[in-house]
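Features of the protein shown, as given by TrEMBL:
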- A:8-290: domain 'Phosphofructokinase' (DOMAIN)
- A:Gly15: diphosphate binding site (BINDING)
- A:Lys138: site 'Important for catalytic activity' (SITE)
- A:Glu245: substrate binding site (BINDING)
Protein chains: 2
Amino acid sequence: MSELEGNCLVCQSGGPTAVINASLAGVIEEALNHECIEEIYGGLNGVVGLLNEDLVDLASESQQTIRLLKSSPGSALGTCKFAFKKDEDLERALEVFKAHNIRYFFYIGDSESMAMLDQLDALAKEQGFEMRIIGIPKTINNDISATDHTPGYGSIIKHVATTVREMACDNESIGEGDYVSILEVQGRNSGWIAAGAALAKRRDEPHDPPHIILLPEIAFDPEKFVADVQKVLAREKYCLIVVGEGLVDLDGNYVSAKASSTDAFGHVQLGGAGEFLRGVIETRLGVSARSCKLGVAGRAATHNASQADSDEAYQAGSAAVVQAVENGKSGKMITLQRAEADSYKCETGWVDLSDVPATSKQLPSEWINDDGISMNFPFVKYATPLIQGEVQLTWENGLPVFAKIRGSRVDKLLSAYEM
Amino acid sequence: MSELEGNCLVCQSGGPTAVINASLAGVIEEALNHECIEEIYGGLNGVVGLLNEDLVDLASESQQTIRLLKSSPGSALGTCKFAFKKDEDLERALEVFKAHNIRYFFYIGDSESMAMLDQLDALAKEQGFEMRIIGIPKTINNDISATDHTPGYGSIIKHVATTVREMACDNESIGEGDYVSILEVQGRNSGWIAAGAALAKRRDEPHDPPHIILLPEIAFDPEKFVADVQKVLAREKYCLIVVGEGLVDLDGNYVSAKASSTDAFGHVQLGGAGEFLRGVIETRLGVSARSCKLGVAGRAATHNASQADSDEAYQAGSAAVVQAVENGKSGKMITLQRAEADSYKCETGWVDLSDVPATSKQLPSEWINDDGISMNFPFVKYATPLIQGEVQLTWENGLPVFAKIRGSRVDKLLSAYEM
């Protein structure tokens, strides 16, 4: 395999995770190891920056900044939810690649990003522009089918399970059979994140909190729910519920849409699934309930990120460079695979971008217990290795310090592009 | 001062903090140092356990458990919001003290608990029962007047400010002048907790997030609010707002009551202040907003507790024992005081229980900037020392392990009491 000389570009897309910047660090540090890579560019705000030629010189960032990326939330290069809308977008991207001699493009994103990357790879081949395009998976939602799990998932479920354990101590000390609390977590379309709360239970202690996990996969039945809460309150001093934001009712509508409210200006606003459940409990059972909502603060909680997850995110970033440079791969997404071994070991692999299904990976229904509100051992066995170890932040004066890309701009060489 | 021989009892009351168990550990470990203290009892669920004679033998707990208390959320002995309702309650408490030869009573609680303790102390003196009663302050709300600050406050504001820094990284990477996010924090009656978010700003960077802090002390004016958000969005890529749950409108009503909603059963439920603001932003500005609500998960976040706060909580517990045993004090509450020194140093002192005002300590209005949405340097100077250092948890298999009091019961000696 002859080495391909030129510059590399890395972009981030979609919602940030606690470890997406670890993947970025993996790309940058690995790229520095390969002499065929001349410049290391970052595109600001995903492909939007690519189309606009908003590129920065990442090699000029300090080593301290790159190290700090491994423990910084957000997407340090900025991100976007933009998808190519027209053929011209793809062609423009190629133009930018050519203008800046970008021969390696690494894109950290979810399944939709991978589909876009596949188009880009096809066009480069069609135009005979030799380059290598590799996707690096990321999402807290763990819903990319082609990989065993996605970087970002381990950290959010570590934080959710930690929060459950902490709330449990708090609630238990207050409750005397009449205290209900609800933790709403992200997950619009699947219960992967809510399911992760199950890790808070100690082994062989099925009555440990969370007492009830409500998954978007299982339609919400208020009668069953009320009975489940009553059962827990009769048995325990309190009831701790975890709910995925995308909980739906028997008609398939989000329950959060029902918790609609009227604001100061007479307009309707949506509450969350947690607030909805609070209403159900208070009106049906006459006991007070409290809800917490992690929301964006959950996925940003790098202060409680999983070291395993961070390491794997970094590994995925670095593997992308290795596959592209050393193995000449293009049109692939890096995957995480469990190695055949007695204990958990994660290896990277790759899959053709065209084989990354657009549909979300579902939480396997056989991992949900028959009660519909708890997870069984195969899930716990799957998820436990992903939350091991604690990412250490850099603290200064009592607060964490995070990386900030200085962003030394690369000169634009093309005329402006109308998106 | 002749030493008073007998048993000691410690109870916890009110809402837990991230470090209330550190005070408990301080009491237990210091009590072990004094031979005049024979048995170390804990009362379950605050004074409820006292009246019911629900006592446990704390000396029989393992050293590991006591050490783990310093990094465990909740109130390990259980808590209560119960206040003595009748004279008989006080007399019953004295009976229990006498029956179990309890000569030292330590109560970890807020201002209301201190008032109760004062009554108890007066009754003991009236009855000529020699004993020593000391209060140990705790509350996330920082609203006990007689002390410079209260154990529990430093940890919650460390967590709030950390969360703001993390959300800022996340929001900044997404926003392009149209992203608004809201973090709702506890504080029903005062803005002490919301104000703590100001620590997230770097020194001399007034435009750092949080861009807007809404305090219960300042009536909510929707017109000014909308203008403030617009100003931030014009200047920054995003707008991060922190709001105390007790935000009130110009008529003095909780805004959260306005975010009332109709649940699945046609009943009204209250949303939170954060959801209320989301409604205002989305309807008035037409930009989408997201809210997070730390709620109980915030005060329980021992995984991000302040070491300074934990140390001071421990110190307060241990000082209570020293004051009672060595100095023969009774009817006092332990206080935290800033030592006269170049750098921050915290010392304990004491105040008569009768001098602990029942009214809440207000957030000084002179610490709020004229814009009404940010804090000035004197506040930052006051609060910064309280968040220094990071409590280290005990992690096992990726999750924190917390103390659980085994609770070896002390035999009851009295007949049951009707509360």
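Heads up, the Cβ atoms here are built off N, Cα and C, so glycines get one too.
Features as recorded by TrEMBL, highlighted on the structure.
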residue: A:Gly15; record: diphosphate binding site; contacts (Cβ under 8 Å, 6+ apart): A:Thr79, A:Thr139, A:Ile140, A:Arg299
residue: A:Lys138; record: site 'Important for catalytic activity'; contacts (Cβ under 8 Å, 6+ apart): A:Gln12, A:Gly14, A:Thr17, A:Val19, A:Ile20, A:Ser23, A:Ile108, A:Gly109, A:Asp110, A:Thr150, A:Pro151, A:Gly152, A:Ala313
residue: A:Glu245; record: substrate binding site; contacts (Cβ under 8 Å, 6+ apart): A:Glu184, A:Val185, A:Gln186, A:Gly187, A:Arg188, A:Ser256, A:Gly272, A:Ala273
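Annotation note: the residue listed as 'substrate binding site' sits in a coil segment as assigned by DSSP. Secondary structure at A:Gly15 (diphosphate binding site), as computed by DSSP, is coil. In the predicted model, the domain 'Phosphofructokinase' (A:8-290) shows an average pLDDT of 93.
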